[in-house]
Amino acid sequence: MSSSMLNFTASRIVSLPLLSSPPSRVHLPLCFFSPISLTQRFSAKLTFSSQATTMGEVVDAGMDAVQRRLMFEDECILVDENDKVVGHESKYNCHLMEKIESENLLHRAFSVFLFNSKYELLLQQRSATKVTFPLVWTNTCCSHPLYRESELIDENCLGVRNAAQRKLLDELGIPAEDLPVDQFIPLSRILYKAPSDGKWGEHELDYLLFIIRDVNLDPNPDEVAEVKYMNRDDLKELLRKADAEEEGVKLSPWFRLVVDNFLFKWWDHVEKGSLKDAADMKTIHKL
């Protein structure tokens, strides 16, 4: 191995501290449910560094360190257009438009819509360091179930619910005990594709999860720039600003699709306590 490669590998090990990462963020093929020795962890880091070099990640040196780590640690669930699991791939590859277009990579995702007891919807503005759609306003939490046993459970959408509980803690600091998985109500699924810029984008089969809870928030600045509860009129004003391009307001494409096609009629069910009557998990809406 050349000295330059050794220096690059060492720099990756220093900048991406896998040994200190929480267990939930260590995803190693075939063995991530077994104890991992220090030797195995070190070997995994070398492999990780090699993969990053192969994929040309050097050109992304300006990417935020936290987001870069998640891009390679997180393994998304690949599905076909009928939501059948067909494999897994790094978050990095799943969001490269080149890969999306050339290999038709489609991954499973979820979007949480959390309402408080006043039936106000919690929105977040994505952080400036997000790789896709930075600083756009969107629903409460948008992310991906990972290719791990607990988040691959299809029965009653349990895998996706588990993932939603995990990410609401990670992004908004909401403890798991405040968001019981059985309180998430899956309403439907959408399939969409949306470029973010010339390099990155989304191609997702997205589960839409609603929940009504009063919660305490402690947003993670690596993920979230701002949070705000909105009633219907507040949201309509936000939509108006986005349409008029006022104050730099932008909305995520998946949130706008849900707003335009479903949200306000589902909001009626939120207020009536009849959300389960609106559920249709048999249909995948191609938007």
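Each residue, glycine too, has its Cβ placed from N, Cα and C.
Computed from a predicted structure; not experimentally measured.
Pulled from Swiss-Prot:
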DOMAIN    105-257  domain 'Nudix hydrolase'
ACT_SITE  Cys142  active site
ACT_SITE  Tyr207  active site
For Cys142 (active site) and Tyr207 (active site), the CA-to-CA distance in whole Å is 10
Test of understanding: give the count of other CB atoms lying within 10 angstroms of the CB of Tyr207 (active site). 25
Average pLDDT across the domain 'Nudix hydrolase' (105-257)? 97
Neighbour count, 10 Å Cβ-Cβ cut-off, for Cys142 (active site): what number do you get? 23
